[in-house]
Amino acid sequence: MSTDTVADRLTGKATAHLWPTLRTVLFGDRLGLSFFLASLCLFGLFWRASFFITDSYALANGLYSLSNGQVVLTDAAYGSGLETPGAHPYGGDLLSRNYGALILSLPFVFLIEAIDAVASLRIAFVALWSLALLALFVQVARYTGRPRIASGGAIVVLCLFVLNVAVARPLEAKTHLYALQLFHATVAAFAPVLLYRLLARQESTRIAVIGGVLLLVGTPLALWATVPKRHVLTATVVLGIAYALYRSREPVDGPLVSRPLTFRALAYALVGLYAWVHAPEALLLGAVLVVVDVSTATDNRLRPLLVLTVVFLLSLLPFFVTNVLVAGSPITPPRLLAGAQSAVEASSTASGTTGSSSAPAASPSGGPSALDRVTNIVSTAMLPIALLFGEFRVGVETALLNPDALYQTVVRSGYNSGTLDLANEEAVNLSLLESAPVLAGLTAVVPAIRRWRRSQSAYRIRSATGVADLFAALTVLASLLFYASRLPIHAQVTVRYIFPLFPLGIYLLVRLPAVRTTLDDHWRTFCWTVAVATLVGGQFVVVAVALWINGIGEAFQLHALLSLSTALPLALWAATGRTEGWVGRLGAVLLGLATTAALLFGVLTVLEYYPLGNSHVLPLIRTVADVLELL
């Protein structure tokens, strides 16, 4: 046997094991991969190549500048100028935001430019979506052992591809917007995967699948997946941290990781990397992570804590380097530097030249002393923590002194000055329950607490499941307090500032015994309810909007009332904690109706309420939007 033959065999074996290992690491199993593909296909249906939020202009122009080797905004490739919401002046230049997301979007820019060089993007995007759908059919066929699913799916995909190509029209957007949208959609597609993997280890595969479906269609995840904002990135990050915490508390059985400490370090690395995108929220997540991890860990000796510290600092390197390149400060993000400069300039203008000035003490050589330098470093490092606790304090005060604001954020938005769209005075901002009424089932926590045995409370909290539950619950509470003083405000649509409450709320919902038992015993009832309510009930909603609704504000409030009409009975049922007999089937029906209410809102928002100039990337969806004129 020649050396070449041996080398070829070794290379072949390595290649054969590469894909199974990669699939296990990224998706867990075939169902996890199916969730990823299904998410991408659904996001493709919701994809509009336009700007949903005006802040995205700064991101698109920032990516354009980065692709041309500049870290500051140089040319207004998108919009009428560079001074758009989200752009911040500093040192005579304009800065973008979320530089981590911009840098990570650069590979998508190069990929799209390469595709555009050899094919038309309007056809290429249809082909990529069709391939993802075909891959989904293949994965489902292999999992179920039914090859006919793949064969039938191939025919369906071919027909959809031909129809899309037949009605395709030129796309008007540019490369950088596509790249931002594809990056955010790709990251968002991992959110249902992570939730599925976490629940599959805690519960049954059936519960894990239903949990992923609830997140995918029962929340606004698909609506925001292709919008260049940080919110879907946060959803994936919080689920990634919860999954890493869970794995750090159980024996390791993965193909690459051999120590639970690795997963513990991964949780901190995710926080550090997310600081690259949005430092204030990363600080919040880091604070919750430290409290949960250190208080429940079985090994808090110096060595593991040192490992966690080193990993966390290494994960912050992109954040530090970017800050230095953009604004000259490794600790303070450009956005905060810009705000600080504006505050200083305003203060200087207000004080004029009449006041006296003071300077820090100098050393005999003329520069600041060593003690002053150390003091400045410590004060700079502690400032974000002080600001975080200040936000928590203000949030508690808001909850106590202004509970109406919290009620309007969580339960009922309605027509009030805090939620009216400033552009046209339309009430187009929904509350948490109006956006995802299935979360009303969280009232099942009441009977769960009653049945919780105190003798095992400490053991349950320190277990892998207990740690993940504790992190999810504290993150929900911390996020509410962090933004309580700012909410409700306009231009949220679906309370996007507290977007982590959607994935973590679904996780906590499925973890509750009453909901979990109901979905496990009556999953067919749940699935049929969603299917029938979507196909039949959706037609009634379309007719109601066409005949009786005047304006987008009224349409949004119709969906708000529809969601609350499903949330109220669901909350009452869940509070009883009963799952036996017809009561359990009733609970499955209520869960299905609440899920459908969110799905219908998302579909009609994309097709009718905010078609954004009918800029849908998939031609068939654009054609449907052209035909469907309800308002």
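Cβ coordinates come from backbone N, Cα and C, glycine included.
Feature annotations, courtesy of TrEMBL:
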- 31-53: transmembrane segment (TRANSMEM)
- 123-143: transmembrane segment (TRANSMEM)
- 149-167: transmembrane segment (TRANSMEM)
- 179-199: transmembrane segment (TRANSMEM)
- 205-224: transmembrane segment (TRANSMEM)
- 266-292: transmembrane segment (TRANSMEM)
- 304-326: transmembrane segment (TRANSMEM)
- 348-367: region 'Disordered' (REGION)
- 427-449: transmembrane segment (TRANSMEM)
- 461-485: transmembrane segment (TRANSMEM)
- 497-514: transmembrane segment (TRANSMEM)
- 526-549: transmembrane segment (TRANSMEM)
- 586-610: transmembrane segment (TRANSMEM)
Chain residues outside the transmembrane segment (149-167) and at least six past its termini with a C-beta under 8 angstroms from it: 123, 126-127, 130, 133-134, 136-138, 140-142, 618-620, 622-623
Any contact, the transmembrane segment (497-514) to the transmembrane segment (205-224), with at least 3 Cβ pairs under 8 A: yes
Residue numbers, six or more beyond the limits of the transmembrane segment (31-53), whose CB comes under 8 Å of its CB atoms: 23, 60, 78-79, 125, 129, 132-133, 135-136, 139-140, 143, 171-173, 177-178, 181, 185-186, 188-193, 196-197, 200, 205, 208-209, 212, 216-217, 222-223, 225-227, 229, 491, 602, 606, 610-613, 615-618, 621
Contact between the transmembrane segment (304-326) and the transmembrane segment (427-449) (3 or more Cβ pairs under 8 Å, separation 6+): no
The transmembrane segment (266-292) and the transmembrane segment (123-143) contact flag, 3+ Cβ pairs under 8 angstroms: no
Long-range environment of the transmembrane segment (123-143) - Cβ separation under 8 angstroms, sequence gap at least 6: 30-31, 33-34, 37-38, 40-41, 44, 115-116, 149-150, 152-154, 156-157, 160-161, 164-165, 168, 171, 617-619
Beyond the flanks of the transmembrane segment (205-224) by at least 6 residues, Cβ under 8 Å: 31, 35, 38-39, 42-43, 45-46, 188, 191-193, 195-199, 231-232, 235, 435-436, 438, 493-494, 496, 499, 502-503, 506-507, 509-510, 516, 519-520, 523, 526, 530, 594-595, 598-599, 601-602, 605-606
For the transmembrane segment (179-199), sequence-distant contacts whose Cβ falls under 8 Å of one of its Cβ atoms, 6 or more beyond its ends: 26-28, 31-33, 35-36, 38-40, 43, 47, 49, 56, 59-60, 63, 101-102, 104-106, 108-109, 111-112, 207-209, 211-213, 215-216, 221, 224-229, 232-233, 235-236, 239-240, 242-243, 246, 468, 503, 506-507, 510-511
